[in-house]
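Student: Pulled from Swiss-Prot, these are the listed features:
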- 1-14: topological domain 'Mitochondrial intermembrane' (TOPO_DOM)
- 15-45: transmembrane segment (TRANSMEM)
- 46-59: topological domain 'Mitochondrial matrix' (TOPO_DOM)
- 60-87: transmembrane segment (TRANSMEM)
- 88-227: topological domain 'Mitochondrial intermembrane' (TOPO_DOM)
- HIS161, CYS196, CYS200, MET207: Cu cation A1 binding site (BINDING)
- CYS196, GLU198, CYS200, HIS204: Cu cation A2 binding site (BINDING)
- GLU198: Mg(2+) binding site (BINDING)
Amino acid sequence: MAHPAQLGLQDATSPVMEELITFHDHALMAMSLISLLVLYALFSTLTTKMTNTNITDAQEMETIWTILPAIILVLIAFPSLRILYMTDEVNNPSFTIKSIGHQWYWTYEYTDYGGLIFNSYMLPPLFLNPGDLRLLEVDNRVVLPIEAPVRMMITSQDVLHSWTIPTLGLKTDAVPGRLNQTVFTATRPGVYYGQCSEICGANHSFMPIVAELIPLKIFEMGPVFTL
């Protein structure tokens, strides 16, 4: 989860998030080198008199500053496209769970367990226990298994929402009248937090998501312990 004054990304809990962190570092390195090169060129131009007003063209230089950026863009685009297609893959999910956004709470439906349905509301500050996180705790957590592909079917009943858990690398829009899906495989047990990431009205900031990831064997006993 996130920590105060944190500068980096949250620890990955899924292969997709691990790939996103690697790509972030890859792209950040490329952008840092480009920024340093541009700043060096600007500084050199301002502090030296290495100018020549008689030069009308420099085809070699123009070729370099056309081909080099193109190569850099390709090196950034390929890993980006790989992750993009990886997030869209749906390969025989073991479980399907439906998430419905409302103003301003979530409804979860376990379609593989007799259609178990429950709502998940944010806990008001008066109901928090010592150690609980303000604006992030809910009354009913969504319980998910680890080490098994899970498909989340996400939609909305009223306005646009977005079901997001950063540590899993998940962010899927909940659109009224449309059913979006995302598949993920969690790798570590724990409790992970997210929030609605689409401005959805006055209480948009009070619409948290809490996922409790547990071993597959325990999950297969039935998700009734979420209530």
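Placed from the backbone N, Cα and C atoms, the Cβ positions cover glycine too.
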Student: Just to confirm: which same-chain residues, 6+ apart in sequence, have a Cβ under 8 Å from the Cβ of GLU198 (Cu cation A2 binding site)?
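Tutor: GLU198 (Cu cation A2 binding site) has long-range Cβ partners LEU160, HIS161, SER162, ASP173, ALA174, HIS204.
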Student: With every protein chain in view, how many other Cβ atoms are within 10 Å of the Cβ of MET207 (Cu cation A1 binding site)?
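Tutor: Total other Cβ atoms inside 10 Å, all chains included: 26.
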Student: Work out, from DSSP, the number of helix, strand and coil residues along the topological domain 'Mitochondrial intermembrane' (1-14).
Tutor: 0 helix, 0 strand, 14 coil
Student: List nothing but the one residue from CYS196, CYS200 whose Cβ has the fewest other Cβ atoms within 10 Å; the candidates are the binding-site residues.
Tutor: CYS200
Student: Compute the mean position of the Cβ atoms of CYS196, GLU198, CYS200, HIS204, which form the recorded Cu cation A2 site, and then list in sequence order the other residues of that chain whose Cβ is within 8 Å of it.
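Tutor: Along the chain, the qualifying residues are GLY101, TRP104, VAL159, LEU160, HIS161, SER162, SER197, ILE199, GLY201, MET207.
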Student: Tell me, by DSSP, whether HIS161 (Cu cation A1 binding site) is helix, strand or coil?
Tutor: strand
Student: Mean pLDDT for the topological domain 'Mitochondrial matrix' (46-59), rounded to an integer?
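Tutor: A mean pLDDT of 74 is what the model gives the topological domain 'Mitochondrial matrix' (46-59).
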Student: Taking the Cβ of each of the binding-site residues and counting other Cβ atoms inside 10 Å, which one has the highest number: HIS161, HIS204?
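Tutor: Checking each of HIS161, HIS204, the winner is HIS161.
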Student: Would you mind pulling the DSSP three-state label for HIS204 (Cu cation A2 binding site)?
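Tutor: Helix, per DSSP.
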Student: Six or more residues out from either end of the topological domain 'Mitochondrial intermembrane' (1-14), which same-chain residues have a Cβ under 8 Å from its Cβ atoms?
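Tutor: Residues packing against the topological domain 'Mitochondrial intermembrane' (1-14) from afar: 20-21, 24, 166-170, 184-188, 190, 192-193, 213.
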Student: Within 8 Å of the centroid of the Cβ atoms of HIS161, CYS196, CYS200, MET207, which other residues of that chain place their own Cβ, given that this set defines the recorded Cu cation A1 site?
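Tutor: Not counting the recorded site residues, we get GLY101, GLN103, TRP104, LEU160, SER162, ALA174, GLN195, SER197, GLU198, GLY201, HIS204.
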Student: Going by DSSP, is CYS196 (Cu cation A1 binding site) part of a helix, a strand, or coil?
Tutor: coil
